[in-house]
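Annotation comment: Swiss-Prot describes 1-12, 27-40, 102-111 as compositional bias 'Basic and acidic residues'. If you look up Swiss-Prot, you'll see 14-24 marked as compositional bias 'Polar residues'. The domain 'WW' annotation in Swiss-Prot covers 233-266. Annotated domain 'PID 2' per Swiss-Prot: 499-615, in sequence order, evidence recorded as sequence analysis. Look at Swiss-Prot and you will find 1-43, 90-111 tagged as region 'Disordered'.
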Amino acid sequence: MREGTPRVRIEVNKGSNRPSQFVSESEEQRLQRVQSRDSDTATMNFVTDDRMMEEHDEYSAFKEAYEEEESREYVIENGVKRLVNQHYDSRGYSSAGRGQKGRREEERRRNMAVDYSSQDFRQSLAAIDQASRDGAISRGEDGVRVRQIGDTTIMTEHRDPYSFYWQLDQARREAESPPRRPPPTDYVIDEEEEVLETVYSPEADDVMFENQYRRPVRHPLPPPPPIMEEEPKDLPPGWEKHEDPQGYSYYWHVDSGTIQRQPPPPVNRETQADAPPPQIIQLPPQQPVIEEHAFKQTTTKRRIEQDEMSEREIEDVAMIENGDTYHKPVRFAVRSLGWTDISEDELTAEKSSRAVNRAIVDLTTRSDIDSIPKWGDGRELIMELDDNELALLDPDSMNVIHSERIQAIRVWGVGRDNGRDFAYVSRDRGTRRFMCHVFRCDTSAKTIANTLRDICKRLMLHRRPSSLHAIESGEKRIVRSEGLTAPIDEPRKVIRCHFLGVTQVPKATGIEILNEAVDRLVSQVRSERWILADVSIAPSTIAIVEVNGQQIAECRVRYLSFLGIGRDVKHCAFIMQTSSESFMCYVFHVEPNAAAMAKMVEAACKLRYQKVLDAHSSSRHHSGMSIHGQHPPSTYHGKGWTETFRDAFGSVTSRMVPSRSAQRL
C-alpha cells in the first residue's frame, strides 16, 4: 500500500461479530455491494494512514521495551532486588519516558475527530447510528461526513476541509442535488406606480406591428343621450308652466288649482279646430292675478249661491223627475262604543258641536268602558246607510241589530281628537230622550259623515218642487222636515302661501306676543323647510292643506283670539285658543304681502260674528215676526251672511296695499 493512500475500516454486523479488516480503497465498492446484499447493518469508519503508521510504531516500541525488560538480570543485595543499569516498569519505559509518551498520546487523542479507545467506542457507535437513522448529512463544520447506501452507513472523517474527499463530495453534490429554492421574501409595495399606456395609432410610421404583450385597452362607450321628455309646445287651456326654487318645472291648472310634474296631455287638434275661438274676458280690477317667480298665486272667488245647485244635485233632480230615487246602500265596518243621553237644550246650533264632542270624549276615555252597554256587545258590526234608514248589521248572520230612520237623526259629527270616531244623535223610541251613539270606524269617519250629508241632500231635493208649474202657481208651501235642515256648503276662499309652522304662546292676544312667535319660527325654520300649502278660509273653519298632499291643520274660527301681520309685511299669523290655558300661533309667509290673507281671515271672523247675531235675533223675535208676517231684521242692512261674505271678499282686492296699521285688527 502506498504512503498517503487512505485505508478503510469496515465493521459488519449480521447475526455475529466479525473482526475489523483493513482493505484498500479499490475494494470499497465491491464491499459496499456485498454488504448491501448480505448484511443487515454495516458501519464503516474511514481513518487516515499517518495515524495507522504512528500506532504501529508505538506498538513496536512497546514490544521492544517489554522484551528488553524480560532479558535483563537483577542483583539482590541484602534482600533487595536492584537493577544494574536503569529501572523500567512493567510497560517497559521509564517515568520520564512515560510522561512524554502520555502527553503525546493526549495530544493525539485531542487531534482526533473520533475517539477509538475502548471507553468511548460504544458512545461513538451510538452517535453514528443516531446520525444514520436521522439521515443527517454533515455540512463540513465537524469534519465528518455520513452517508446511507442501502443498509450500510458510511462515515468519512477528514481534518482538512480542502482534502480530496471533501472536494469530491462538493462536486458530486452540485451535480446531483436539486436546485435550492430561494428563501421566501416579503415584498412590500409602498406605492404602486401607474404604467402609462401607449396607444399606437394605425397612422403612426414608427409602429408597423401590434404588440401582443401590451395590456388591452377598453375604450368606454359614449354615454347614452339623455331622455328628453317632449314638452308640449301649446299647453291646454287653463294650464301654465312654472319653475320651483330648485329649478324644476311644474304645471299648474288655474281653475282647479291642480299642480303636477308631468305635462298635461295635449288637446285633440280636431276637437280644438271645431271648437269656437275662446272669448277673452278681462278680469275686473277687483280680481287681480298675482304672478311670482317661485310660484304663482291667484286669488279666485267661487260664486256660491244658496239656491245654486251643484252638478250632483242636478243629477239627483233629474233622477227624481224620472222617478228613479233608489241608491245602493253604503256599508262601513264600525264598532259600537256605547251611547249617552243629551239634553235637548244642547242641540242648538251653538252648542251641538261641543255637546257631541264631549259625548265622544266621555265614551272613549272612560275607565269602566267594559260595563257600558254597546250595540253587538262591542263586536265589529256593519253600518249600512241608504235613503231611508241607518242600520247596524251582524256580519255573521246579517241580521239587523239596530236601525234609525234618517229623518230621526238630529245631529252627527266626527271626533276632534280621533278622526275615526263617529257619532249621531237621535231620539230614543222608548224613553223619548235624545241619545248620542258613538262608533269607532275602521276608516276615516268623515266618509260616513259625508255619505249621510249626501243622503240628506237627496231627501231635501225630493221634497223641493221640481217643476216651474209649482213655482208659478204662487202657492207657497212650507215643508216642515221634522228638525232636518238643508245642509249648505260654506263659501271658501283659497290662497296659496308657505306655512312656517305652529308654536305655543303665553297669551291669547297682543301684537308683541305675535311678533315674538313669528320671529322665533323664522329664525328656527329654514326657508327650504317651509311647506307650500293652500289655506282655505271659510266663515267657520280655516283649513291648511299641503299642495297635492294631506291636510296639515284645521282651525275653528270661533276659537281665533288674535290676528296680525309681523314686522315683515310678508308674514301673517293668528293665535288659536286650544284650551283654557293653551294658545297656539300659526305663522305663514305670503307673496307679495300678507294683506290679502289678513283681510280674508278678518272677513271670516266678522261673518262668524254676524251669523251668531242673526241666530240670536231670529230666535228672540221669532214669535213677534210670525204674527206680523215680517222678515227678521239683519244687522248688515238687510243682507244675509252669504251676501255679506261675498261683498267682504270682493272688497279685499281693493285694499291690497299693505299698511303697518293692519298689524292689529
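Cβ coordinates are placed from backbone N, Cα and C, and glycine is handled just like the others.
Counted with DSSP, the domain 'WW' (233-266) comes out as 0 helix, 12 strand, 22 coil. With DSSP classes pooled into helix, strand and coil, the tally for the domain 'PID 2' (499-615) is 41 helix, 46 strand, 30 coil. Within the model, the domain 'WW' (233-266) shows a mean pLDDT value of 79, rounded to a whole number.
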